[in-house]
Amino acid sequence: MARRQDEQRGGAPLIAEGKSDAEVKLILYHWTHSFSSQKVRLVIAEKALKCEEHDVSLPLSEHNEPWFMRLNSTGEVPVLIHGENIICEATQIIDYLEQTFLDEKTPRLMPDKGSMYYPRVQHYRELLDSLPMDAYTHGCILHPELTVDSMIPAYATTRIRSQIGNTESELKKLAEENPDLQEAYIAKQKRLKSKLLDHDNVKYLKKILDELEKVLDQVETELQRRNEETPEEGRQPWLCGESFTLADVSLAVTLHRLKFLGFARRNWGNGKRPNLETYYERVLKRKTFNKVLGHVNNILISAVLPTAFRVAKKRAPKVLGTTLVVGLLAGMGYFAFMLFRKRLGSMILALRPRPNYF
């Protein structure tokens, strides 16, 4: 549910009298590679809404900074500001956008409640949104043996384990430094600790991956129904019908994340769930999807480089001017390039012609 702000925060404008919802600026605080943020940004793109976006870097712990915790006491992205309204949590933001922008020029992603398609879209949206994506993400990093062709580098396992300890210490320190946010920081610390205990449990991970397969079986069956309902000369359908809906937003972003994590080959391809495979290939060609999420092979490099620039900007002493900034950027850029080159090298080796001795 949207809440009102008593004063301007983060540069958010108060609603001006006489202005329509469409005329009031939308401001989104997000992280480009956050799963929840991607769903919201895809909805904004599909609805062709104008929105001012601010990247809140999770690797740099910007979501734990006091200014952001005052926007959202859970310290999680995304957060949407629309005039005096502050809306947190992806599902609530998406519902707010769908219920607020009702003019004829703005595409609707949810059928009318009286429509035969409404319960179908709502069912698959709720089913897909209930998947524990944070557990899949942390789990594949902590236990890469459960994945195949994961695009997350091996060093990340050690890195995330050390970062967990650092984050707990950081939250404790922030709680002491900001008495007004003490409860919020302590609550976040407890949630983090509880989640990561589960996410580091192999038995739990195997259980939720088995449950994921059952969900994807339902999706595969639904996609097959769409194919059977559609005449040969008809338009190719989406998950719940001819239109791209909120159920498709959830499914498209989920499949893209599973591909990045290394769970794609386990769930589709090589004759397994062919409708799901065809659906994902079609989604990749969708203009709005490419604009928001891009190619799966570019996710790692597009996460590293902006973070490198932010680190350089934050740490560079002003007295030394641009020389140090350029140096830091070059160093961090080189680090990102080396990560990219390592993956590219393996691709080149695979394509290199083998000598023929016969």
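Cβ atoms here come from the backbone N, Cα and C positions, even for glycine.
Feature annotations, reproduced from Swiss-Prot:
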type: DOMAIN; residues: 24-105; note: domain 'GST N-terminal'
type: CROSSLNK; residues: LYS50; note: ubiquitin cross-link
type: DOMAIN; residues: 153-309; note: domain 'GST C-terminal'
type: CROSSLNK; residues: LYS172; note: ubiquitin cross-link
type: CROSSLNK; residues: LYS173; note: ubiquitin cross-link
type: CROSSLNK; residues: LYS188; note: ubiquitin cross-link
type: CROSSLNK; residues: LYS190; note: ubiquitin cross-link
type: CROSSLNK; residues: LYS203; note: ubiquitin cross-link
type: MOD_RES; residues: LYS203; note: N6-acetyllysine
type: CROSSLNK; residues: LYS206; note: ubiquitin cross-link
type: CROSSLNK; residues: LYS207; note: ubiquitin cross-link
type: CROSSLNK; residues: LYS214; note: ubiquitin cross-link
type: TRANSMEM; residues: 292-312; note: transmembrane segment
type: TRANSMEM; residues: 320-340; note: transmembrane segment
type: REGION; residues: 320-358; note: region 'Required for mitochondrial localization'
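Annotation note: LYS50 (ubiquitin cross-link) sits in a coil segment as assigned by DSSP. Around the Cβ of LYS214 (ubiquitin cross-link), the number of neighbouring Cβ atoms within 10 Å comes to 8. Counted with DSSP, the domain 'GST N-terminal' (24-105) comes out as 32 helix, 17 strand, 33 coil. Annotation for LYS172 (ubiquitin cross-link): spatial neighbours TYR185, GLN189, criterion Cβ-Cβ under 8 Å with sequence separation of six or more. The closest partner of LYS203 (ubiquitin cross-link) among the recorded sites, by CA position, is LYS214; the full candidate set was LYS50, LYS173, LYS190, LYS214.
A helical conformation is recorded for LYS206 (ubiquitin cross-link) in the three-state DSSP classification.
Same-chain residues at least 6 positions away in sequence with a Cβ under 8 Å from that of LYS188 (ubiquitin cross-link) are, in sequence order, ASN64, THR74, GLY75, LEU171. LYS207 (ubiquitin cross-link): 11 other CB atoms within 10 A of its CB, across all protein chains.
Between LYS190 (ubiquitin cross-link) and LYS173 (ubiquitin cross-link), the C-alpha separation comes to 14 Å. Taking each of the recorded sites LYS50, LYS206 in turn and counting other Cβ atoms within 10 Å of its Cβ gives the largest count for LYS206.
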